[in-house]
Amino acid sequence: MCAWLQFPLKIDASRKILHIDMDAFYAQIEIRDNPALQDEQVILARDPRKTGGTGVVATANYHARQVGVHSAMSAAEALEKAPEAVFVTPDFDKYRKVSEQVHGIFHQFTDKIEPIAFDEAYLDLSDYEESLVTIAHRLQQKIFDELALTSSVGISFNKFLAKLASEHNKPAGLTVIRIEDIRPFLDAQPIESIRGVGTKTAERMHELHIENGNDLYQLSQDTLIDEFGKQGFELYQRIRGIDDRPVQYERQRKSIGKEHTFNPPVRSEQETLDESRSIAKEVVQALKNKKMHGKTLVLKLRDEMFNTTTHRATFNDFIENDPNVIYNLAVDILEEIGGYTTPLRLVGLTVTGLTPISFENITLSLYES
Ligand SMILES: [Mg+2]
């Protein structure tokens, strides 16, 4: 028997972890932008009646989910289940943009963010003194006020429990799992909703008459390891509320960029320059907020055919965090590649190779001058 199996199990309840998941994200954005869809079954997929049946469901709203439509289902099957449904072709550019706005709001609360998907993240809020319920309400309210979108939040002291909690009460839910809630909460979970139990594992569990969390809890560590190996050991811990995985946030960002997408595309040089100027302002604001600067500027362009290109210029000295400086450098890069030549769906500016604006940098330049 391995040594690590003999450590006594201990629940670390010292952290404050929040899991947030936007409710039916893509569908919610489409309904927000087209309120006529409000009471309809909405399926995000190209309409199978127009494509000849190809295509896959990206997501669906709760009305459509109620009749059995789910993501990754073929659009044709979704149509069978929901013949009255409205099919909306997904606009991933738009969702990416909204996702950035959502993440921007997360950053107003903490930089200890582990993004899981476009619409989902863990936040480590251990540094907060006040109740996480208060903070979660504030976060959900802010997202709703600024973006008119609802989210569901789970709060606990580890990632496993926080995620289960956020799934517990959707949409617009807020669920807390405290240490005294672990047994009743986990015991009642169907085996499929316990993270780490995939389809294959679930099948084997059913053969072993393990239907819910309580059944799983009754099994010995040896039995679980014999049956499921390393995963069995993990499940033995999880079902006891133990999960020591840290929230893996980026300790230091290597680049800061902003981009604007356009639908319809921008169609003139002047418009492109105007947009670049406003993007430069945003980049500088973000750099100042993070107290960072860098030596490389990247210009990103996407044309009408969705071809995306990046062009960079690197300098010996740090680029000054001044909108005019960054704008002028961007214009230089644009001129170097032949200027404005084609309608653009996206213009972006990013400063990379970031370094904190530290005391040393400042004193060094003072001595140099
Ligand atoms: Mg979601």
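Note that Cβ sites are derived from N, Cα and C of the backbone, with glycine treated the same way.
Keep in mind the model is a prediction, meaning the values are calculated, not measured.
On its own chain, Glu120 (active site) has His19, Ile20, Asp21, Met22 as residues at least 6 apart in sequence with a Cβ closer than 8 Å to its own Cβ. Under the heading active site, TrEMBL lists Glu120.
Taken from TrEMBL, the feature Mg(2+) binding site covers Asp21, Asp119. Under the three-state DSSP scheme, Asp119 (Mg(2+) binding site) falls in the coil class.
Marked as site 'Substrate discrimination' by TrEMBL: Tyr26. The Cβ neighbour count for Tyr26 (site 'Substrate discrimination'), using a 10 Å radius and every protein chain shown, is 24.
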Next on the checklist: I'm trying to understand the geometry here, so how far is the Cα atom of Asp119 (Mg(2+) binding site) from the Cα atom of Tyr26 (site 'Substrate discrimination'), in Å to the nearest whole number?
Outcome noted: 9
Next on the checklist: For a quick check of packing: other C-beta atoms within 10 Å of the C-beta of Asp119 (Mg(2+) binding site), how many?
Outcome noted: 23
Item to check | Mapped DSSP class for Asp21 (Mg(2+) binding site), helix or strand or coil | outcome: strand
